[in-house]
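Peer 1: Here it is, the structure, as structure tokens.
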Amino acid sequence: MSLLVSNVLFTCLVLLTAVPAVMVVITQHIVRAACWLLLSLAGAAGLFFFLGADFVGATQLLIYVGGTLVLVIFGVMLTATGPFVNLRASSGDWAMSVLVGFSLLAIVTFGIAQPTWFNPAMFEDSGPTRASTNRIGMAFLGFPEENPTPAHPAEKEDVLVDPPKHVGVGYLLPFEVISVHLVLVLVGAAYLARAKQRPKRETA
Amino acid sequence: MIDAIWVLIAAVLLATFVGVAAMVYIWMERKVSGRIQDRLGPTRVGGRFGWLQSLADGAKLIQKEDLVPDSADQILFRLAPYVVMLGSFVAFLALPFSNGWVAVNLNIAVFFMLAVMSVEVFGVIMAGYSSGSKWSLLGGMREAAQVVSYEIPMAICVVIPIMVAGTLNLNTIANQQAGMFWNWYLFQSPILFVTSFVYFTCATASCKRAPFDLAEAESELVAGFLTEYSGMRWSFFFLAEYASMFAVSGIFVILFLGGWNGPIPIWYGIDFGDVWIGKFFGLLNFLIKSSLMVFVMMWLRWTLPRLRIDQVMTTCLKYLLPMSCGLLLLQAIWQVIFPNGLVGWMGPEVFNPGGYPLDGGQP
Amino acid sequence: MLIPSLQIYLLVGAVLFTTGLLCMVTKRNAIGVLMGVELILTASNINFVAFSRYGKLGLDGQLVSLFVIVLAAGEAAIALAIAMNFYNNFETIDVDRASNLKG
């Protein structure tokens, strides 16, 4: 794709991620906040695709947008007291949080702009390198690729010419830990959310 | 700049194709339902078979007044149809129609399609919530519960043929099934045969088609999340529904029914290679098979009664989910015992004399 | 017109992080707080993937962000269960009302 189109696309994606994120904070309406969050997370998925991380982008869409966000909306519906939930913060809180937010953003931006990172060549975009699922899987099992940016990424996509060196056990242990963790989360969530008697209201 | 123009042309072509396909399926649904109920269906518009019925419907719906209820949340109400449309139309970016005829040859095509189609749910929930009507809210909540639950067995069922194929690229998966029809993954193992049925059930539910159409249930919820919609917005929901029916059927055809490979390779020995005509016959094969699956969905809709919401959830969580997990485990064991499959002797190499790249030859 | 570079990605991450933090602070709705957490996690993911692309991390950044996404899903499930329980007990999800343990 030509450079101009890709830059326009990138600008759109950045705006699509950042502007709805600000709107999430500004809006007082909880379901609208969820919709802005949808846009922001979808924009982040687009950025992942742009970075060549297709798998992460698709996972972001499937789990965050299709799963977590739907769950959040479900929670809003189940706990809504009025037709459209509306909880306002006081204006004093607002002034305070805007102050804190802008100073934090200023500090972080300063931190980003300050260092000369590792080497200046890193800031040049060397064309899209698509990480195939094979490579992600191999890295997962502890076979990281020797050269993070191969010379001809398009040609060497799926072909593992010579088996790369085995370095440690990769991410198998974290994976195991997370699996156990998720099982516990499932059990815990089911325990917490199971149907219970509501506390009896005092009848006047 | 030339690239950009080509991208634009491809996008327009794809969107048009999906829109036209949806209209054809809407016409087909009317004919099928008519025949099943011993009626004729549309007969007048555009000649004997009512070919132009969908177009006439569209013209009528555009002219209708664009209503937004007073109690609705204006912005979300207007936004919801577009989210639904976006979800099911973007999925077609990664769906190959014939060998190499795909908008974006993604390495993770099938995963991408599932991910994008899961966004569609959000639009439906948005529609249900923002309508400001109790029927719509109930419809939206049912949709949320149902689709989030059915996504799990559906994804697990997709993983099973992928375990056999060893790739997520739909183009490669379809090319691996070239040859006689017993090379199709449907017939590769008894487990895959069962899996295809489980997948199809989940796919039907995820398109919220009857007998799982609890979100719109005309008889109890007065069309659910669609209650307050009219005119063009209403028709957007239906375009998206038929488009996603085609999408899940396309995934089914590629994963289990050999994609664009015919049941018997009649052009065996003739080296079509990259020639346009060979891919065109592949496209025809693919469209016929997908339309057949869409037809089965319609057939189910007009013959089976609607389930209750608790029955829908029971079917998913107590039967389909354990079944899909068990099938995944069984297929893993099967592959240890028969690493080359039972009938894998006539692999794609035999029918690929030119040695063309299996992934469609695109970067 | 923005040109893709590491700083832009980091800046997007910073914006998401700040908004997420503000969201957690200003929203009195328990579910609004949850949305803030999601924004912060997404911000960290963007940074991980950007460093995986531009830095010398290789694919490690992508793998870590996958783990983050999965854990975020689990976190959301638990948080919603807690919110549901909270609603059952207090009939509201205003986090300021959870003051039973205050002396």
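Here, residue 1 is simply the first one shown, and the rest follow in order.
Quick reminder: no glycine exception, Cβ is built from N, Cα and C everywhere.
OK, TrEMBL features for this one:
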TRANSMEM  B:6-27  transmembrane segment
TRANSMEM  B:79-102  transmembrane segment
TRANSMEM  B:108-129  transmembrane segment
TRANSMEM  B:150-170  transmembrane segment
TRANSMEM  B:182-202  transmembrane segment
TRANSMEM  B:236-260  transmembrane segment
TRANSMEM  B:280-300  transmembrane segment
TRANSMEM  B:320-338  transmembrane segment
Peer 1: Using Cβ atoms only, state whether the transmembrane segment (B:280-300) and the transmembrane segment (B:108-129) have three or more pairs under 8 Å that are 6 or more apart in sequence.
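Peer 2: No, the stretches stay apart by this measure.
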Peer 1: Tell me if the transmembrane segment (B:236-260) touches the transmembrane segment (B:150-170). I count contact as 3 or more CB pairs below 8 A, with pairs 6 or more residues apart.
Peer 2: yes
Peer 1: For the transmembrane segment (B:320-338), give me same-chain residues lying six or more residues beyond its boundaries with a C-beta closer than 8 angstroms to one of its C-beta atoms, as numbers and ranges.
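Peer 2: Same-chain residues near the transmembrane segment (B:320-338) but 6 or more away: 149-150, 152-153, 156-157, 159-160, 163-164, 189, 191-192, 194-195, 198, 201-202.
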